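Encoded as C-alpha cells, the structure appears first; notes follow it.
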Amino acid sequence: MQKFFAGLGLLTMIGLTGSVQAREACTYEPTVLVHGGAGDVSDAAIPNKKLGVKLAARKGFEILRYTGSVLDAVEAAVNSLEADPNFNAGYGSVLNWDGEVEMDAAIMNGADLSAGCVSLARDIINPISLARRIMESTKHRYIAGPGAMRIAEQEGFNLLPPGALITEAAIKALQDYKNSLNATQTQKGVVYGSPGTVGAVAIDACGNVAAATSTGGLTGKLPGRIGDSPILGGGTYADNESGAVSATGHGETIMRYNVVARMLALVEHGNYTAQEAAVQVLEQMTQRFNETAGIIAVDYRGQLGIYFTSNRMSWAYQRGNQVHFGVDAGEDEIEFGEPRTTDN
Ligand code: GLY
C-alpha cells in the first residue's frame, strides 16, 4: 500500500502487467475530487448539491489519509454520494420507462489498470462497491444484470426490497418526462436529461491515481439501456501514465465520442494539462453533437481538470486542509479546516 505522506526522494515501484513502472519521487499533493453530475441544476437544488459534494470529497480524503489507497478513497467518496438522495446514483437514482431503478458503475486503478464495471444493478445502495467486487473477486471486468446481482449476493451485499431505492423526486421526474412526450418521441425512445451522476478521482503522494463513476442513468430510459459511466474510456478511466477521469452528461454522446480516452490521449501524447484537455474535448463534443457533458480529472502531474458544457455541474475537492467547490462556471468557493455540518 502506498503511504499518504511518503518521504521525499522515495521511488515508488508499481507493478504493471509484465513490467515494473518506476515513478517519480512521492511529492504529489494528495487530492480527492468529486462531481455530482452535469446538467440543469435548479437554484433550489444547489445548497444540497454543494453539501453533498463537499461531504463526499471530505470522506474520500479522510480515507486516503488513513488507508493510503486511492481506490478506497474514490469508492468512499462515491459511496457517500450514492447514499444521498440529491444525486442520481444508488438511493435517488432516476427511473427507467417502467419505473424501475437500473444502475451502472465503474472503478479503475491507475497503478495496474485493474478495473471493475457493472450495469443493470438493482436493489443495492452502492453499485460502485459491486464494481470493485467484480474487479477483485472475478476473472471478468464487466458484468451486467442478473449475473452481477448474483455476485452481490455471494459477496454479502445488503439486497434491499424492490423499490427501496425509489424516491418521490424520481417518481415525479418520470411522470414529468412522460407528460412531456408525444407518441412519436416515445417510440423513438428519446431520453431526458437527469443531472446527478456521481464520480470521483484521486491521486496520492506518489502519483497513483484512481477513478470511479456511478449512475442511475437517464429518466425514462428504455429498460436495459446502459450509459457511458461503466464504459472504460467512455465515462471512466485511470492510468498513472496519463491520469484519472470521470465524466457526466449525455451518455449516448459521451460513449460515441469516447470522451475520457480522447482527453487522456491529449494529456499523455499532446502535453495538455487535464484542464486544457477537458476544455478541448468537451467543447468539440458539444459542437459536433449539440449535447453537453462534464468532466473531473487529475493528470499524471497532479493537476486538476474541472469543466462542463452543461449549464451547471456540482463538484468539490479536498487538497490539504482546503475544500474547493462550485456549481456554476467559474465558481470556486473555498472552505478551510474542519467540516461544517450545515451549509451557511
Ligand atoms: N452519463 C450517465 C448516463 O448517461 O447514463
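Any Cβ shown, glycine's included, is placed from N, Cα and C.
Automated prediction, rather than curation, is the source of TrEMBL annotations.
Feature annotations, reproduced from TrEMBL:
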- Thr197: active site, nucleophile (ACT_SITE)
- Arg225, Ile226, Gly227, Asp228, Thr248, Gly249, His250, Gly251: substrate binding site (BINDING)
- 1-22: signal peptide (SIGNAL)
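In the structure shown, the C-beta of Thr197 has more C-beta neighbours within 10 angstroms than that of any other entry among the recorded positions Thr197, Thr248. It is Arg225, among the binding-site residues Arg225, His250, Gly251, whose Cβ has the fewest other Cβ atoms within 10 Å in the structure shown. Checking the binding-site residues (Arg225, Ile226, Thr248, Gly249) against Thr197 (active site, nucleophile) with a 10 Å Cα-Cα cut-off leaves Thr248, Gly249.
Selection of the binding-site residues Arg225, Ile226, Gly227, Asp228, Gly251 by a Cβ distance under 6 Å from ligand 1 yields, in sequence order, Gly227, Asp228, Gly251. Cβ-based neighbour count (10 Å, all protein chains) for Gly227 (substrate binding site) stands at 27. Within the set Arg225, Ile226, Gly227, Asp228, Thr248, Gly249, His250, Gly251 that the record links to substrate, no two Cα atoms are more than 16 Å apart, and one pair reaches that distance.
Non-local neighbourhood of Ile226 (substrate binding site): Asp104, Ser119, Leu120, Ala144, Gly217, Gly251, each in the same chain, at least six residues away, with C-beta under 8 Å from its C-beta. With a cut-off of 8 Å between CB atoms and residues at least 6 apart in sequence, the same chain places Ala38, Gly39, Thr197, Glu291, Thr292, Ala293, Gly294, Phe308, Thr309, Ser310 near Gly249 (substrate binding site), listed in sequence order.
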